[in-house]
Every structure is written in structure tokens, then in C-alpha cells.
């Protein structure tokens, strides 16, 4: 294609070697500045992809298996549409002779148009984290939160990161040492989709394979999505003895250990861990080891030793309980000002968690410290060299950055700072004008910004060189939980501003590096990022608000009909976190007044574990597998449980092992050609059928009542086993 063969005139660009070997092997050192970028096709396909992915991902977010449809689906799907538009759209110019002159069809569909469309799609595929705030307040706390402040919070949390991206782009994008490994997958896919495709021995192109996969997965999802929902979670062990609590605990894929449980549903497989087809085998192996260690060693051991009164509660649950084993009525300990009612809390008693939930919180602590120490121990020397090269006065400019600076105008820093200033002003306005609904004081917004400013370059260097990014959610919850306790909405707003603004800035920086690799004009990339983010936020907010009005008892598992998919597991965990860190506070949970203070030792364990692996690799250099142990991945594997359950892991691991090991090893050519295309087709087909089923049948409550839609068949998996505990629907020992 023209984009990859028309080189700039300076011969040194062909001779200069990229600092990172992977970049040298993957990214072309060529550019065609005349290639179409901002076109009618780009706007139509980009905004359509952004809105569609935003709607689908928010739609799935409230479901039991919240499938995330990645931008890869759109990245592949728009190729034939783009080529079709290049053939059929008129080529005449509109408003010719004016500054607004444009043509709907500037020629062949270009790679640069495709990259910008994918940037729009990235905005739609990345969840708007602040929708959790809307769900927690309106659906769980049953309190008032108007649409305007909710929308403003969503917009500001998503866009605030532009400020940090502008401040640190010189250090985290321009240097060759900052190579952002995940972008190389995107670059490879762009090249595969645009460079001339030789006929394969299977007689089918990537686009044809994508269409076949999409139609097949679309048709198949009619079974697990409507006609035969038991395929979502097949827990056959429970069928042997459905009234035995022990058998139910062992066999339930949704509320137990999930031994032998599996799902024949793509949304079950890919909902929490992402597509198993995109996971490297070493990462899948670490996830498998972590899952088996936590689920089949630590959890049974803690439960049957009755640690933290484990038998009084379900073996697996993300809910909160009182000491007697009944579900905690959080609304009963909130006063009229939406703060903790201390007297009511003293009468109700402390908040209790299932031991599994407590352990996974500990694993979250450990993952944070392990991520930092793993990178320092295993990548410290290279990291220091790369950081000095990036932040030093004599930093060497990357060859691709040289090409960009030669051919295109930079984005002025004041563009980024203007967005930051406007955002900060809006945030202060929200904090003051909507104080009773948001609770966050203005100084809390500034503190959240300071945390994000401090951690963005640190985490950014780690992410740009190792593809690992420790989250800030626990740190932010801890800080505001002590600084401004007993205010749940303030806690989750602070967490979102501190954590998500940093996370978003890393996304923006990653996209800027992708633009450098693919030679997208920086100002055009900036425009696509800003517009895509705003469109995505509006689409996410509108979809969430519509679903709240459309679905009766959304997220309320006590009132939803049996087998309902609208259980909102992710929002439930977010709500519980707001209770633990915000309403009750870390001091009453993990501090000197809390029952779970020993969980803090996980911070220490997470810091020590990478050092032990490093020592083992030095003591036994011939054991190559030791160096493949990645502690943050291993112990962080189950940090998403809950809301993820055992069946999500067992099903995912099987698929990851098949495609990441067997197919990759023994059918490498097929894997290279079709693996990511298969993943994108499965995402898209499942997503489209799910929405169609809802609009055509489930919205009108048209259901089929038969045993295939009666759930997994583990009715007592959530029952306690302690003596004398009375829970509705459970036997008393």
C-alpha cells in the first residue's frame, strides 16, 4: 500500500536503527504526508464505531457476564466498509473554492483513516468508570443524583487526563526508550489488514473469516442468550446432589469453587479477563497458577479453618454481611445527610465479608506492591537506563519522532493545559454547587489531581516499557478514607478523579505513541482523542440512564426474576467498596478498629514475593521456567473476583491454553493469520445478538420457562455451614 512504501527523502531514516529491537522489526520507518486522514469516511465510521461500542459495552456492563467488546472488532469490521465507501461515494468537491471545501471520497481507503477510526473505537471500548458512581448512588443507595452533575463528573474524569498527557508527552512518547509494547500488536494488525494479502492455503481472506465468525457467533448466542441459558454456566457436579451444600460449594461455577464447571458462552469466557485468544501463554500460565492457588488451596483452607468466621457466610460472595450471616442493610446505617449514622452502625454491628472477599482484597494490596517491586527487581537496571534516556537533557530522539517533527506541526502545550484548566474549573463548580449530591470538597479535587500528577510519570514509565500498570484505586481509597471518612460518594468521586485521570492519561499517551508509529499528524490525533472521548462519555451516560429507566429492579438480585442477567456484579463490588472505604471507612475495616487489620500484611507479602522469585532464578539458572513466574500477574489474577466467578476462569483458561499453546505452537501460520480476527468476530457477533434479543424479546418480558433456563442448578451453594446460622432458603445445622 502507498502508506508503507512512499518514504520521506532523507536517507538517514532508512539507515537509523530503532532503540528497541521489537520496534525495529515491527514499525515501518516510512511516511506519506499526502495520505488522506481527516475525511468524511473517517468521521462517519469513527463516530459510528465509538457510539456503537459505547452502547454495547455499557449495555453488557450491567449483565452477569459483562462482555467487553474491544476496538479490534471495529478495527477489522471497518476495513471492507471503508473500501466499499471508496468505491461508491461521489468524488466531487463540495463548497469548492472555500475553506470548507471537501470531498466525500478522496480516493482509496487509507491506513491513516483507519488508525483514526480505531482511536474513536478505542474511546468507545474503554469503559467510563464514573458510570459506577451513577449506579451506586441511584441503584444501591437509592439516593438522588441528577443527570447533569452525573454527566459532568463522567466528562471531567475522562478528559482530565489530557492535562497529564500534555505535561509528560515529551518524556513518555518522544523517546525511543518509551516504546509502549501493546501498540505493536495494533501496528501489526494495521499492516496485516492493509498490505497486500496473499491467498492463503485455507482459501479464505481475513475479512471473509471475520464475516463468517461474526455470523456464526451471532446465530449461536441465541442459545445461551435466550433459548438455553444453562449453557452460560454448566455446573454438572451440582446435578449429582443438588441439596448438598458441600457438593454445591465445590461444583458451582457462579457461587462456589467451580470444580468441573464450564461455560459454552463467549460472554462467560471473555467477560472479565478479556479475550483468551489475545493472552500470551506465559501470562495465561501465571493466571492459571494464581487461580488454582487461591481458589483451590487458600480459599478452602481459610473456609474450613473458619478464619474470620468464614462458615457463617457463603464460601464465595461479594456482598456484605452482619455477624449473624444475614445480608447487611447498608441503607439502615446512613443518616439524612448521606453520612454514616454512628448510632445505627453501633446497633447493627460491624461489616463482615466472606473470607474469599477479604482474601481478594488482600491480593489487591499485594498486587500493588508486587507490581512496583517486580519491575524494580527484574527491570530496574533497564528501567533506569531508559528513564535517564527519556528524561535526561541529552535524550536521543526516536527515529519515528524525527519523521513526525519533520512532516507535521506539534500540538501546543497550551491546548492540553486549556483542557485541564477548564476541567478543573468545572470540577470545582460541581464540588460547590452539587455538594449535597457529590460530597467531595474542592480541596479533595485538588488532592486527587496532585496524586495523579505524581504517579503518572512513575506508572507511565513502567507501562511504556513493561506493559504493566499498577492501579491507584486502593491508594486513593485509603487516602480519602482516612482524610474524609464516612462519606461514600466523596470517596468514590475522589477515587475516580485520582485513579481514572491517571489511567486515561496513559491511554492518551499510548494513542499518541500509536500515532507516532503510524505517522498520524499530532493535531489530527489530538482532535480524534478529544472528540472520541466526549462522544463516548455521552453515549455511555445516555445508555446507563436509559437502562435504569427501562429495566425494573436493575441490579437488585432480591427482586429480579430467577435467571435474570441484569445482576450488575461489577457495580455491586464498586458499591461494596464505597461502603468499606467511604461509608464505614478503612479504620473500621482494616485499621486499629477493624476486624481485618491483618489483611494489611499482604502489602508486605507482595513486596517480598518478587525478590524470592529473583533469588530462585539466580540460584537455579538452569530452571528457565522460574524466570517466567510473574508475581503481579500470578497473585493479581483473582483480584477481579468478585465480580468474576470460577466459571469465568475455568472456561477462559481452557481457551487460552488451546489457542495460546497448541494452536500457536503447532498451527503457527493459522494463528498468525486468523487468531485476532476470530476474537474480534466472536466479540462482535455475541454483542449484536445480545442487543437484538433484549430489544425484540427480553424488553417485553417474553421468556421461555423450562429447565434449560432455570439456572445452573446449585440452589444451596451460597448457604452458610456454621451451626445455628439461619438464612432464608438454607438448612440450619
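Just so it is clear, glycine is given a Cβ too, placed from its N, Cα and C backbone atoms.
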Ask   = With the ranges 181-201, 244-264, 307-327 to choose from, which does Swiss-Prot describe as transmembrane segment?
value = 244-264
Remark   = Which range of 575-595, 596-616, 617-637 is transmembrane segment in Swiss-Prot? It is 596-616
Inquiry  = Please identify the range among 281-301, 386-406, 470-490 that Swiss-Prot labels transmembrane segment.
reply    = 281-301
Task = From the ranges 20-40, 209-229, grab the one Swiss-Prot calls transmembrane segment.
result = 209-229
Key: 357-377, 504-524 - the range that Swiss-Prot marks as transmembrane segment   = 357-377
Remark   = Here Swiss-Prot annotates transmembrane segment, and of 89-109, 677-697 the range meant is 677-697
Request  = Mark yes when the transmembrane segment (357-377) and the transmembrane segment (596-616) have three or more Cβ pairs under 8 Å (sequence separation 6 or more) and no when they do not.
outcome  = yes
Ask   = Are there 3 or more C-beta pairs under 8 Å linking the transmembrane segment (147-167) with the transmembrane segment (413-433), counting only pairs at least 6 apart in sequence?
value = yes
Stretch-level contact, the transmembrane segment (244-264) and the transmembrane segment (147-167), CB cutoff 8 A, at least 3 pairs = no
Inquiry  = Can the transmembrane segment (42-62) be said to touch the transmembrane segment (677-697) if we require at least 3 CB pairs below 8 Å and skip pairs under 6 apart in sequence?
reply    = yes
Remark   = One stretch in 66-86, 442-462, 644-664 has more Cβ pairs under 8 Å to the transmembrane segment (357-377) than the rest, namely 442-462
Ask   = Are the transmembrane segment (66-86) and the transmembrane segment (281-301) close, by which I mean at least 3 Cβ pairs under 8 Å that are 6+ residues apart in sequence?
value = no
Highest-contact recorded stretch vs the transmembrane segment (644-664), from 147-167, 281-301, 677-697, CB pairs under 8 Å = 281-301
